[in-house]
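S.K.: Okay, handing you the structure first.
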Amino acid sequence: MEFNDYFKIGYVLKPHGLKGEVTISLDEIGPEDLAGIATLFLEKNNRLEPYFVESLSGAGSKAYLKVEDIDTPESAQSISKRSIYLPKAARPKSSRGQFYDDEVIDFEVTDAQLGAIGKVVEVMKAGANRLLVLDYQGKEVLIPVNSPFIKSINKSKKLIAVELPEGFLDI
């Protein structure tokens, strides 16, 4: 399976309980966004393996997952510390003004005063914060993904409008 057709949604942390459940950490979506998902894919040796979901519960970024054929703490341990993926076609729609990190790669960033300042090359996580990484005149610039910096995101035009403080790009 090609990784290009999938996106990472989180990580299996550790076994939970005695019946093969695992604790998972979700990155950009919550357990409620996965309602109705029948199959998740776990990475192993640079390949994706399908696992059929029996149950998923939780709130926020932590959840408990039970998949078919994983019925003991020992078998749950065998899938621990693995990344979790979904097919991009199954990705829940992001809300207006929100985005998944991989959605904005190559979006043009324009500042209210300076005009076009570069394209997004990466979205980096710094603790609980996300940062847009741009190539601006040959140097890397990090822009926090929050107000007051981000003014709008236009997915159809692949454009992010920002309003940066004077001198921000000179640092």
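Using N, Cα and C of the backbone, Cβ positions are placed for all residues, glycine too.
Remember, TrEMBL labels are computer predictions, not curated facts.
TrEMBL lists 9-89 with the feature domain 'RimM N-terminal'. Feature annotation from TrEMBL assigns domain 'Ribosome maturation factor RimM PRC barrel' to 103-168.
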S.K.: Report the DSSP secondary-structure composition of the domain 'RimM N-terminal' (9-89) as helix, strand and coil residue counts.
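M.R.: Its residues fall into 11 helix, 44 strand, 26 coil.
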S.K.: Could you please provide the mean pLDDT value for the domain 'Ribosome maturation factor RimM PRC barrel' (103-168)?
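M.R.: Mean model confidence (pLDDT) across the domain 'Ribosome maturation factor RimM PRC barrel' (103-168) is 90.
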S.K.: Could you tell me how many residues in the domain 'Ribosome maturation factor RimM PRC barrel' (103-168) are helical, how many are strand and how many are coil under DSSP?
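M.R.: Each residue of the domain 'Ribosome maturation factor RimM PRC barrel' (103-168) counted once, the result is 3 helix, 39 strand, 24 coil.
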